[in-house]
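According to TrEMBL, the active site, schiff-base intermediate with substrate annotation covers LYS200, LYS254. Positions annotated as Mg(2+) binding site by TrEMBL: GLU239.
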Amino acid sequence: MPQAGYPATRLRRNRRADWSRRLVRETTLTPDDLIWPIFVIEGTGERSAIAAMPGVDRLSIDLAVKAAEHAATLGLPAIALFPNTDSALRDEAASQAVNPGNLVCRAVRAIKAEVPDIGIICDVALDPYTSHGHDGLLVDGEIDNDKTIEVLIAQALVQAEAGCDILAPSDMMDGRIGAIRAALEENGFTQTQILSYAAKYASAFYGPFRDAVGSGQQLHGDKKTYQMDPANGDEALREVALDVAEGADMVMVKPGLAYLDIVWRVKEAFKLPTFVYQTSGEYAMLAAASERGWLDRERVILESLMACKRAGADAIFTYFASEVAKRLKDAR
Ligand code: PBG
């Protein structure tokens, strides 16, 4: 028996030495857990900085191919491509979204040709292509669900045709997963995976991303009529249940850090591949505070990603992916 006044259990014993901490660690982070989002622009040898995302550049296709090669070398399983479309090409109908020769489709083809073994993920949503910056079509001042789905289907098909491995509808229209799945099957794309942005919130954490793809200044109003209310949790489970029933192979919760309760609930309830998006705003917070010397960059990045995994995420979209993968590799 312990002497009176002494703890019967000393949890600090296991924490005392580094080897012991490694031995009892419950969660691990590896490059296999990370997906690297890359912003694509027109041109050759072009890169342009994004004001609120220090360290992240938009890349022309040739440089995006180089980035994909680098990602493969680091052991990252997949990248996600986001096009910044020339504003002159954006219109009310999002017509560039369904152009098989658009920027993102050309990027997919170029990367597939040079780096065949890395997975490529593309958003299915109209915001890079609409003149008003919304993810869907505006009809009489409202985002029209069913008319939008018709365009999303065509967009999904041109992206699948280009060689995209995982289509990621991020538009939050009702019923789009089932409609896209059916169209993929009918057109022979039976192996194209669907990652549904199932629980995507109307969040202020997307600000820098909208600058990166050039849809921010164009955006009229907000996205609250289709993206979820940050106040809701149960509703996220309904969104996921519907998307899974409609044929999603994987689901996503977005944003990350402020929504890890949702990640946990979704993983617990569905036991499906559950991804989380560490958004542009989260990147900006960590990068800016680190730049000022207010946070320890390396530690805070790893801690934030580890927290996502501990909450149940199987993989994380993060702009830190290549930096972290390199560090994890060097540490081996
Ligand atoms: C587009 C889309 C957004 C993000 C991914 N896909 C922005 C939005 O919905 O407004 C956000 C990514 C980020 O902030 O890093 N539908």
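For all residues, glycine too, the Cβ spot is worked out from N, Cα and C.
Other Cβ atoms within 10 Å of the Cβ of GLU239 (Mg(2+) binding site) number 22 in total over all chains. You'll find the Cα of LYS254 (active site, schiff-base intermediate with substrate) roughly 13 Å from the Cα of GLU239 (Mg(2+) binding site). LYS200 (active site, schiff-base intermediate with substrate) is 9 Å away from the residue listed as 'Mg(2+) binding site' when you measure Cα to Cα. The 10 Å shell around the Cβ of LYS254 (active site, schiff-base intermediate with substrate) contains 24 further Cβ atoms across the protein chains shown.
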